[in-house]
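These come from TrEMBL:
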type: COMPBIAS; residues: 25-34; note: compositional bias 'Basic and acidic residues'
type: DOMAIN; residues: 47-481; note: domain 'Major facilitator superfamily (MFS) profile'
type: REGION; residues: 1-43; note: region 'Disordered'
type: TRANSMEM; residues: 46-69; note: transmembrane segment
type: TRANSMEM; residues: 89-111; note: transmembrane segment
type: TRANSMEM; residues: 118-137; note: transmembrane segment
type: TRANSMEM; residues: 143-169; note: transmembrane segment
type: TRANSMEM; residues: 176-195; note: transmembrane segment
type: TRANSMEM; residues: 207-228; note: transmembrane segment
type: TRANSMEM; residues: 249-271; note: transmembrane segment
type: TRANSMEM; residues: 286-303; note: transmembrane segment
type: TRANSMEM; residues: 315-332; note: transmembrane segment
type: TRANSMEM; residues: 338-358; note: transmembrane segment
type: TRANSMEM; residues: 379-399; note: transmembrane segment
Amino acid sequence: MTASAAATPDNRSEGSSPPSTLPVEESKVEKAEETQTPPPPPNGGWMAWLQVVGAFFLFFNSWGVVNTFGVYQTYYETDLLHGHSPSSISWIGTVQGFLLFLVGVIAGPVFDKGYLKTMIAVGSFLVVFGLMMTSLSDQYYQVFLAHGVVVGIGCAFLFLPSIAIVATYFTTRRAVATGITASGGSIGSVIYPIIFRNLIDSVGFGWTTRIIGFIALGGLCISLAVMRMRLPPPKQARSLLDLSAFKEAPFLIFSFGLFCAFVGLYFPFFYLPTYMSNVVHSTDDLAFYIIAILNATSVFGRITPGLVADRFGSLNTIIPMGLGAAILAYAWMGIKNIGGTIVFACLYGFFSGAIVSLPPTIVARLSPNMSIVGTRMGMCFTFAGLGLLIGNPIAGALLDLERGVFWKAELFSAVMVTGVHDLELLHHFSTSTAYTFSRHPALQTFWRIDAPQIGFGAHYTLRAMLAISALHMAYLRPAQRQVYVSQAEHHHSVALKFVTSNMTQLMNENSSAVFLFSSLTSFFSCAKPRKLDDLLLFQQGRISEWLVLFRGTGTIVEYAQEELRSGPLAALLRIRQRRSDYRTTLPTQGLAFMDDLEELVREEVKDQQELRVYLGAIQEMRGSYALWSDTGVWETGDVFVWLLRVSEDFLTFLREQRYVALVIFGYFCPLLRRLEWMWWLEGWSVHLLSRIHGLLDREHRTWIQWPMEQLGWRP
């Protein structure tokens with residue numbers, strides 16, 4: 001799987017301006033110029049690399065300032081704002097980071113319109129002005145407005161141009177160029193805390209913050225002098241949002257993963273100095289310098305993954321890096337000494353760096369053309385901003401500094417950063433697993449695009465998608481099988497807990513999600529590792545939970561028929577209905593093997609009520625066998641419809657392992673073989689028939705001779 005699976009090629013047309021509406025004789029030259037496709041990105045040259053230099057200083061003074069808040073957090077807790085809780089103080093830095101992302105929704109379209117210089121000028125003024133006002137503040141609300149709001153908005157106007165401009169100058173070397181740019185944030189996060197620590201005792205808080213503001217002003221002047229737009233602005237006005245992005249599953253999946261990651265990602269950046277002081281009991285100097293150490297290693301974590309991503313793909317790089325950050329976040333809970341904390345800071349800085357540097361290159365690949373890359377980045381990073389907004393205050397509220405209890409907040413951070421790994425599962429679902437449920441193009445489109453959109457509105461359905469995606473990856477990657485199976489079981493168990501209330505309170509609003517969950521649960525039950533005595537339909541003497549859910553889909557369709565047939569499931573239900581109608585036109589007589597089975601059943605079963613149950617099951621199976629001569633690709637509905645239509649009495653007889661019921665179920669196995677082009681049904685036909693054979697006595701084993709011949713199986 002490569003990152004390009006969900007992306008468009010790099011060397012594509014970047015769009016052209018709309019034709020002029022002036023009279024032809026007045027605008028021939030202009031019209032010719034406007035319809036020309038912009039030249040491809042240079043991927044090098046002094047002008048392109050000057051943009052990297054300018055963007056470096058924008059990052060230096062946006063993310064560098066935001067990431068420095070950890071030392072401010074400690075100072076505010078112990079001095080300037082010592083009467084306020086750590087959670088309330090963290091809101092200052094959280095709002096700062098949130099606004100950096102949120103204002104991107106406005107900054108993105110402004111950038112696309114060509115106002116690069118204006119954005120840098122406005123951002124520079126706000127950052128410097130905010131720092132100067134912070135230096136004069138001594139009340140919480142003053143610090144919140146100056147350091148949180150004003151600086152945050154200023155950083156937003158610097159951050160988005162820094163990543164968007166590089167994407168327009170590079171394609172083949174985009175990831176490494178973006179990594180160098182993003183390293184500016186890490187280097188700024190190293191330098192500013194050191195400046196703060198060395199000046200705070202000698203010149204005080206006010207002048208320390210002013211000096212940081214003057215340094216920021218100098219770097220931003222360099223950016224203002226060298227940065228240039230490469231692409232002409234579009235002639236047509238564009239809205240703040242590119243609504244077409246919300247119809248693209250890869251974009252939504254990536255944005256959701258980024259949201260989860262940023263909920264937990266910045267907890268160490270904000271609270272590691274506090275951890276050093278309250279838990280590890282280090283010196284004050286080391287508590288301050290731990291942020292510098294964390295950000296110093298982040299420099300390598302932003303550049304090195306860029307080099308790797310240019311070869312293997314940005315998405316394929318960010319996923320293992322994010323998983324590494326999640327593992328380290330879990331490991332942090334067991335670290336209680338200075339040496340271990342320093343090692344954690346070094347490694348976490350490296351692995352978390354990619355989560356900041358690589359998303360811009362991924363969003364650029366997910367954009368249909370470069371003229372809207374700013375808008376798309378602003379939208380995507382708004383998700384990240386929302387995660388940052390809620391993450392640190394929640395983690396701060398979980399702290400108990402008096403008793404040195406950090407593990408609750410550490411666990412919360414680790415769980416949320418693990419969302420990056422769920423991003424891998426979601427991406428795999430939409431780019432690979434979705435194509436394995438059907439070979440019908442319309443149904444593949446449904447599973448790839450519509451199903452994830454339903455999942456984003458229903459947590460249990462999304463979890464079901466993650467579960468089946470994890471099993472698919474276990475199937476494709478045997479060396480990591482147990483890891484993915486464990487993930488699948490976790491997501492499935494969580495989904496079952498959440499779906500219970502929705503099953504008991506079925507409404508039009510949740511009918512699509514519940515229907516989809518039931519289908520995904522059926523796939524999951526077939527795909528999970530089989531046990532030797534697994535009879536598929538039963539567990540521990542009871543009907544399997546998945547079969548109960550699956551048979552319940554008929555009730556869902558009856559209850560919310562109008563809603564389902566006019567909603568996102570319309571195409572799925574329409575195609576299934578069309579196939580079902582086709583089955584009813586086929587003759588069900590003249591199937592000699594079914595006639596023979598029916599004759600054997602009539603001869604043996606004397607109880608008329610029991611006989612009617614068996615004959616009903618055989619008649620329903622004839623409907624599926626009517627397609628036996630159809631050499632085309634079978635869909636799940638062609639076979640599994642039998643499980644929907646057989647009576648509850650038949651399932652009871654089957655659960656009781658009555659011989660005749662088992663024999664009839666044995667005739668289901670050749671039908672199942674027709675679906676074994678689907679990975680999640682692979683091997684089930686022979687497995688079931690062999691299990692049925694073992695449960696039958698010698699006489700009834702002769703009854704399943706025909707299914708055995710069709711499967712080519714011998715005991």
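Including glycine, each Cβ sits where the backbone N, Cα and C put it.
On a predicted model such as this, the values are computed, not experimentally measured, just so you know.
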### Query
Most CB pairs under 8 Å with the transmembrane segment (176-195): which of 207-228, 286-303, 338-358?
286-303
### Summary
With the cut-off at Cβ under 8 Å and a gap of six or more residues from its ends, the chain residues touching the transmembrane segment (118-137) are 58, 61-62, 65, 107, 110-111, 143, 145-147, 149-151, 153-158, 160-161, 205-210, 212-214, 216-217, 220-221, 223-224, 227
### Task
Give residue numbers and ranges for long-range contacts of the transmembrane segment (249-271): same chain, 6 or more residues beyond its ends, CB-CB under 8 A.
6-7, 67, 69-70, 73, 86, 90, 93-94, 97, 291, 294, 315, 322, 325, 329, 332, 344-345, 348, 352, 355, 359, 362-363, 366, 376, 379-381, 383-388, 390-392, 394-396, 399, 406, 409-410, 412-420, 422-423, 426-427, 429-431, 448-449, 452-453, 456
### Query
Where, among 46-69, 89-111, 207-228, 286-303, 379-399, do we find the most CB pairs under 8 A to the transmembrane segment (143-169)?
89-111
### Summary
Contact set of the transmembrane segment (207-228) with the rest of its chain, CB cutoff 8 A exclusive, min separation 6+ beyond the ends, reads 47, 50-51, 53-55, 57-58, 60-61, 65, 68, 116-117, 120-121, 123-124, 127-128, 131-132, 134-135, 158, 161, 165, 192, 195-196, 199-200
### Query
In this predicted model, what is the average pLDDT of the domain 'Major facilitator superfamily (MFS) profile' (47-481)?
86
### Summary
Beyond a gap of at least 6 residues from its ends, the CB atoms lying under 8 Å from the transmembrane segment (89-111) belong to 62-63, 66, 69-70, 72-73, 76-77, 81, 118-119, 143-144, 147-149, 151-153, 155-157, 159-161, 164-165, 238-241, 266, 270-271, 374-379, 381-382, 384-386, 388-389, 391-393, 395-396
